[in-house]
Amino acid sequence: MASPDDLTGPKIKLFEAREKIFPKAISGNYRRLKWAIMAITLAIYYVTPWLRWDRGPYAPDQAVLVDIANRRFFMFAIEIWPHEFYYVAGLLIMAGIGLFLVTSSVGRAWCGYACPQTVWTDLFLHVERLIDGDRNAQIRLQRAPWTAGKVAKRVTKHGIWLLIAVATGGAWIFYFADAPTLARQLFAGDAPFVAYATVAILTATTYVLGGLMREQFCIYACPWPRIQGAMLDEKSLIVTYKYWRGEPRTHGTKRAGEAARRPETDHGGDPQPGVPSLEPIDVAAQMTARIGDCIDCNACVSVCPTGIDIREGSQIGCITCGLCIDACDEIMDKIGRPPRLIGYSTVADEFAAAEGRPTESVARRLFRPRTIVYFLIWGSIGLAMLFALGTRQRLDLSVSQNRNPVYVRLSDGSVRNAFELKVRNMQSRPREVEVSVSGVPGAVIWSANGSRANGASTLRMNLPADQVAKTRLFLAAPEAGPARSELTFSVRALDAEGGQASQTSFFERPEAGQ
Amino acid sequence: MADGKRIDEATGTSTVGHEWDGIEELDTPMPRWWLYTLYATIVFAIAYCVAYPAWPLVDRATHGVLNWTSRSAHAEEMRTEGARRAPTIAALARIPIERLPEDSKLLDTAVAGGASAFKVHCVQCHGSGAQGFKGYPNLNDDDWLWGGDLKAIEQTLRNGIRQPGNEETRTSMMPAFGRDQILTPAQIEEVVSHVLTLSGREKPSAASRRGAAQFATNCAACHGAGGEGNRTLGAPKLTDAIWLYGGDRESIRQTIHNSRNGVMPAWGSRLDPVTIKMLSAYVHSLGGGEDFVPPAPKPSTAAPSAEAAATAARTKNGKP
């Protein structure tokens, strides 16, 4: 009887086990750029909530504050109310189109440098190297038995990771409350539960994503590589292995001469043992003519934070961080070859270079219809929002007629309607305004805490800072007139800044004869 | 076909033993975690039946060891809510109604509470918008039979109108001039003409002039010589545009013939004083509320509210 395995063949696995990556430390221009961007982005993230911005006594003095409890969003000089949330929507659209713009001009630069997943993973990798040593030491440690030393190193590493994770989660909540106050509460233990819960959740996600998942998040979970895969074209900037220079590879410089003596070499493969040519060979000429610059040292693979081989071409795992460029340049320098065997380039340029045609200038690559259109869309949304921000009204009113009852006949025969009046003062200072009404001759208005006797054609209101003032507004007018007439309520600020808003509503009377 | 069971070679799993046209079913064991979940739900169900009311009996259900009932849960929630409201209720109980406007926050609370109570106790007659109907006053307007300041409204609410057995109830009695043959139909017609001239609905005529004499004799005692009304007696003002029972000739004729004596329950015997205060605040807030004017002499025990009403009436009549 055959065993089950004989019938089904090799077991089908539902998932592939992760091959742990040990990226090697590297120095170079792109590494320095990454350090700089990491420093800037982390500084922005951690410092922003602590910046102060004076808004006077009636508004918080935190420069960037998402005040969910009071439904206000402060960003330096800009204050956004819930009904102005379209500014945030506009910013999100700009961010989306901005990513398109960045992708079409400089490829996956976001992935390689600025994405939080990249920045924090980079930070975690650096910690790992500080504790465990570089790539080879890490691999050795991974294979080593669990000695006290290994345990100590593991505990230290995960401990530091968790500290960073706590700091990450901790910084996040400061965007949602007054940072110094919340920090005191946090350490005193009397911060709201939601603050602790948020810190806990973000600590867990930071630790898991930055320490454990790392490149798997980019490769399996993140939608952006897929979207970018669709957005990249032959003119997009990607990290490219110049196959026309590198191939055929040799496995180390020692073999170069050996390979050069062979007339045929497999494209990119290991040199096949072949019959030496009978032709007389000019070794030096063969070296330059047949042998590529790639010596197959795997430096580019060992530094890659996502563990890919860039020489296989553009792929979803490549976040275009440029570390393989640094690694390869270092090797090229050592073996006396020109740099940038791996470099930022476009597919179109590589085809041109392989065929010896001139490549496109940087300016022509950057200013092509696609990038220009993206930039125009992105820029016009930004300009439109700036214009809207600059001209927006910080005073608004809304009026709704009381429908139960629609009208009330008063003892002197006149007719009274009631309205719910809301005046929004979006300035962070109290303001005095005047509400007036037009459209009904002889109309007298007064508020719920006033009386008809001191009613007038206008009503003065003192609006509290940064709030909606609500009042019931009574309006009385002579009986004679149409059963339903349109009227306009206007509010006008009485201070130097001025500003006004208006809204129409209706005044109703009994039908004639009732 | 139980004997049809065999071990499937491909998977090493036993089949269930059925076979239809060569198709067999594997008896794959359930995943462990699934099985444990099932056991956990069974344990939970048993624990639930023990802890909570579960098994229906003839006239009740099993109680459960926790003695939980939806009624006690509701009572508990009401207790919590009551405790939350207690300070506000106490403050409302403490403050004299006429001083309520001094505490605007408490006043707002009272108005909101009054709006709720109004929906339960008052809308049946006065309407959901307090707009009233024929015979049931509109509480939004500025015309008050018995006074429209907070204290007067509270007094009316507590003691009702024409409630027998209530010492402080608002009461008066308009004679049925026609039915009781105090006036002849022709005289009533003349009084109607005069009343209609008071509010400018008709031009003075010979009939109205004859009616004026009858009015002075029969009506002025309560309604005032000029028909300005009297709040102490709940006698409506006849010079304004508001007619509780209709201001046309036929309605007024009926009113004089049969008289009108509307009633309202004395809510003091049905609602607690705080609810009555809240209701007063709500009614007062509807748009016609008048300011409370303290009586000029020192507060006497007689009937301060009636005095206040009279004062308010004087103030109101003095208005332009």
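Heads up, the Cβ atoms here are built off N, Cα and C, so glycines get one too.
Predicted automatically and left uncurated, TrEMBL annotations should be read as such.
For A:33-51 (among others), the entry in TrEMBL reads transmembrane segment.
Counting only same-chain residues 6+ beyond the ends of the transmembrane segment (A:85-102), those with a CB under 8 A from a CB of the stretch are 73, 78, 109-110, 224, 231, 371, 374-375, 377-378, 381-382, 384-385, 388-389. The transmembrane segment annotation in TrEMBL covers A:85-102 (among others).
Tertiary proximity for the transmembrane segment (A:160-177) is limited to same-chain residues at least six positions away from its ends with a CB under 8 Å from its CB atoms, namely 45-46, 48-50, 64-68, 120, 123-124, 127, 131, 183, 186, 195, 198-204, 206-207, 210-211. Here TrEMBL flags A:160-177 (among others) as transmembrane segment.
The transmembrane segment annotation in TrEMBL covers A:193-210 (among others). Distant neighbours of the transmembrane segment (A:193-210): 117, 120-121, 123-124, 161-162, 164-166, 168-170, 172-173, 177, 182, 185-186, 217; these residues of the same chain sit at least 6 beyond its ends, with a Cβ under 8 Å from one of its Cβ atoms.
The annotation compositional bias 'Basic and acidic residues' is assigned in TrEMBL to A:250-269.
Under the heading region 'Disordered', TrEMBL lists A:250-278.
In the predicted model, residues of the domain '4Fe-4S ferredoxin-type' (A:285-313) average a pLDDT of 82. Residues or ranges marked as domain '4Fe-4S ferredoxin-type' in TrEMBL: A:285-313.
Among the features that TrEMBL reports, transmembrane segment is placed at A:372-390 (among others).
Taking Cβ pairs closer than 8 Å, the transmembrane segment (A:372-390) reaches residues 78, 87, 90-91, 93-94, 97-98, 100-101, 104 in its own chain, all 6 or more past its ends.
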